[in-house]
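Taking it in order: structure first as structure tokens, then the write-up.
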Amino acid sequence: MPEIRVTPLGAGQDVGRSCILVSIAGKNVMLDCGMHMGFSDDRRFPDFSYNTRSGRLTDFLDCVIISHFHLDHCGALPYFSEMVGYDGPIYMTQPTQAICPILLEDYRKIAVDKKGEANFFTSQMIKDCMKKVVAVHLHQTVQVDDELEIKAYYAGHVLGAAMFQIKVGSESVVYTGDYNMTPDRHLGAAWIDKCRPSLLITESTYATTIRDSKRCRERDFLKKVHETVERGGKVLIPVFALGRAQELCILLETFWERMDLKAPIYFSTGLTEKANHYYKLFIPWTNQKIRKTFVQRNMFEFKHIKAFDRAFADSPGPMVVFATPGMLHAGQSLQIFRKWAGNEKNMVIMPGYCVQGTVGHKILSGQRKLEMEGRQVLEVKMQVEYMSFSAHADAKGIMQLVGQAEPENVLLVHGEAKKMEFLKQKIEQEFRVNCYMPANGETVTLPTSPSIPVGISLGLLKREMAQGLLPDAKKPRLLHGTLIMKDSNFRLVSSEQALKELGLAEHQLRFTCRVHLHDTRKEQEMAMRVYSHLKSVLKDHCVQHLPDGSVTVESILVQAAAHSEDPGTKVLLVSWTYQDEELGSYLTSLLKKGLPQAS
């Protein structure tokens, strides 16, 4: 019997180094390839030896999918492809493809150039790894091979984050990566259709948390920042380069403007420029408000937030600094923290989750004496605050997604064991489905439904044979038709036969696009010009000028009409059926360029 097997190589009852191996109907897919920020030894990367037991890695794995650019999801990718030896396709969205190498290089500089770590990937390895990447658009079905297909859904969380559906035949797995079910100031909420997968693999970072009102949290954050700078203190906000950083920058920028505050706000050098560039480049990935107002005002060009210089950390007086990385495990945020930790007037606000082993996790757990590098002890006197601006779904959001997707089974990853256990019970009780939470290296095996026999009508087979394509046992062919179930038996018939048998009338769905052209001529004359232009350009298509003045190209209909407000403008209505969608799009773009001048 066919089955689905899932083995977490990372993020099994743990947060960090997300890496999940999925086998579905004989296809092997690796979901994410992250590093653990709390370790600097072999435990940093997932245990890839599991993949190499079956021989050559590229022969074993059909593809790798990266959900988003955070290093706990993509940080081990160059190591895996260039040092372990994976040479197959790597799928991710375009924003992830653009931002991922920048964050990998930033981390490499910290690990190798500053800390002197060995057995780490090089700059060239990052470049070589990214050459293997295939970019995926949202809702685009990508055919990895003849049987395996993948599809991306919007996940919120960070710019470019996606949930992925992996499908082989009738079996499918949905992997959420990290996602957020509530929209924020710069991104929309995650969304997936009622795809009813065989298995939903979901993150469970906040498995037992139901967040309070976002407005209350924002008010509390602004109050604490304001009080600290008013008493002359400094505020450190450790963030990752893109994501919560932009969310909190927009919040503080608006507050500073409203309150007319003078204390300087700084952001790690270079990162604001990079962030601004990528948000401009990938504006369709942001939320509706930002997309609407972007032409008039770029929300990411901040008036009160300036680039940070290392020397500013020693300057007297109040200030607010956004510094990377977000867990205080290295880099500029850790350097500033060490300088400011001894002054009780100062404050550090941790806006997101910190994995075990990081300085961020230690101070949030109440440690006030920290052993740093070289056995130095750092006494923390500054105030420590945790305010969850994390872009992960809370327990309510996870339950909402499960209800939305309607899976047959659920598997939890990217969370802590005790919290996962609580959520597991909730899911099983509410949705009456099996829920699993394997540890790293543990395999969950799910039997899947056997194949269903389908009878094919003789008429449909004859039509296929008439196309001159001979059957090939080694290469399956797709048959397009309408599936009818009667007395628990399935038959595949032509759409014409289905309509006849079921006594239904055919309905046709048409898409219409308006094209505005400046032209003072009458509609009939305009239609004639359109006909002449299309006839000369589309020589391989049947272009007709009908008696009513409209023009047809295959199933596409073009009609000229007067503009209701501007007599000097004509409106071309271009409509087509989904079968001619490609030609319809081409025709629309062609007409938008205008008509050639009459000789």
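Just so it is clear, glycine is given a Cβ too, placed from its N, Cα and C backbone atoms.
Quick caveat, the model's predicted, so the values are computed rather than measured.
Annotated in Swiss-Prot:
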type: ACT_SITE; residues: GLU203; note: active site
type: BINDING; residues: HIS68, HIS70, HIS157, ASP178; note: Zn(2+) 1 binding site
type: BINDING; residues: ASP72, HIS73, ASP178, HIS414; note: Zn(2+) 2 binding site
type: CROSSLNK; residues: LYS381; note: SUMO cross-link
type: CROSSLNK; residues: LYS462; note: SUMO cross-link
type: CROSSLNK; residues: LYS475; note: SUMO cross-link
type: MOTIF; residues: 68-73; note: motif 'HXHXDH motif'
type: MOTIF; residues: 469-479; note: motif 'Nuclear localization signal'
How many Å separate the Cα atoms of LYS462 (SUMO cross-link) and HIS68 (Zn(2+) 1 binding site)?
47
Return the average pLDDT for the motif 'Nuclear localization signal' (469-479) as a whole number.
65
C-beta crowding around HIS414 (Zn(2+) 2 binding site), within 10 angstroms:
30
Recorded positions clustered about HIS73 (Zn(2+) 2 binding site) [Cα within 10 Å; pool: HIS157, GLU203, LYS381]:
none
Which are the residues of the chain, HIS68, HIS70, HIS157, ASP178 excluded, whose CB is within 8 A of where the CB atoms of the Zn(2+) 1 site average out, their centroid?
SER67, PHE69, HIS73, ALA155, VAL158, ALA161, GLY177, TYR179, GLY243, ALA391
Just to be sure I understand, if DSSP states are collapsed into helix, strand and coil, how many residues of the motif 'HXHXDH motif' (68-73) fall in each?
3 helix, 0 strand, 3 coil
From recorded positions HIS157, ASP178, LYS381, the one whose Cα lies nearest ASP72 (Zn(2+) 2 binding site):
ASP178
I'd like to know which of the recorded positions HIS68, HIS70, HIS157, LYS381 sit within 10 A of GLU203 (active site) at the Cα level.
none
For LYS462 (SUMO cross-link): DSSP state (helix, strand, coil):
helix
Sorry to bug you, but what's the C-alpha spacing from HIS414 (Zn(2+) 2 binding site) to HIS157 (Zn(2+) 1 binding site), rounded to the closest Å?
14
Need this for a regression test: recorded positions HIS68, HIS70, ASP178, LYS381, filtered to those with Cα within 10 Å of HIS414 (Zn(2+) 2 binding site). What's left?
ASP178
In Å, rounded, how far does the Cα of LYS381 (SUMO cross-link) sit from the Cα of ASP178 (Zn(2+) 1 binding site)?
34
